[in-house]
């Protein structure tokens, strides 16, 4: 009885264990999150951001945080009131301070010039971070490991962390900070369907000011979260596995053609360009790949020119100008290769009914390279 009495007394006197454990922040430095009072432990965490017109960066920052288990049920507090912001567990895109130790992630203050490169030495990206980039920098590895069902030490997490920043988050950082894609000159056409543009259109219009901004912000978070998860799924299940196919194609390139400048992909629909550029630099002997051949969904063969850069529309060596825009028999006659299907008007891709025919188109182009007008 005495022991039971003492255990009961200790249970009453000692504080209860916390209802949940907050994670340690990831990024350039690991710091403990601010401690919450016992009363706050009973309530969901609070994510603070500014009210009024919203933008893609804070919508993405809040959405990424809510994908983490510890913030899944977090309340979004949209305000500029310093007292209300002070009561929040984490604040993004407002408040005028960047202090990871206190979980304050604003980028608008004059003193803020941080980039992924400056905060994570070794990373190449030098675009000024927005609140989206800051949250991704500090929580991204943990988030991806959680979503991918693996550990942060898994090399896949590091690969996809870089891929998602370069091809998703950095764009949001740049747009929010007003950084143009072009160093000089005017763009030839408008980009109006970007993620940032679609988020902006969820704000109330000038002639309907009574629209619910809070509902619009929730739709914005849902939009950016869905796109983030879709992109991650594509990179995990399509882009990353394609690397092995490109590696195999490069290893077999001399069996395809003695020049080593033509590769054949086992599955043509795979995303090969970035992998080829990365792997090509390590080839021995060094060689530039000019053409990729593969079968399409109809079982016919395609010959695709390797672009000068992964996202470029300009080819290293386009198909001959006299072939461009022609089809079928007209193309057969001009090329001297029976069985042709088409050559695109820009010369970046063509089709043939057989593998040997596609190879003949590539070899004929290589043979004429010194006489071809190349796109500069």
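Each Cβ is built from the backbone N, Cα and C atoms, and glycine gets one as well.
According to Swiss-Prot, the feature transit peptide maps to 1-47, an assignment based on sequence analysis. According to Swiss-Prot, the phosphoserine annotation covers 120. The N6-acetyllysine feature in Swiss-Prot is assigned to 267, 273.
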Collapsed DSSP category at residue 273 (N6-acetyllysine):
helix
Minimal Cβ count within 10 Å, across the modified residues 267, 273, points to 267
Tell me the coarse DSSP state (helix, strand, coil) of the residue listed as 'phosphoserine'.
coil
Rounded to a whole number of Å, the separation of the Cα atoms of the residue listed as 'phosphoserine' and residue 273 (N6-acetyllysine) comes to 27
Using C-alpha atoms only, work out the spacing between residue 267 (N6-acetyllysine) and residue 273 (N6-acetyllysine) and round it to an integer in Å.
13
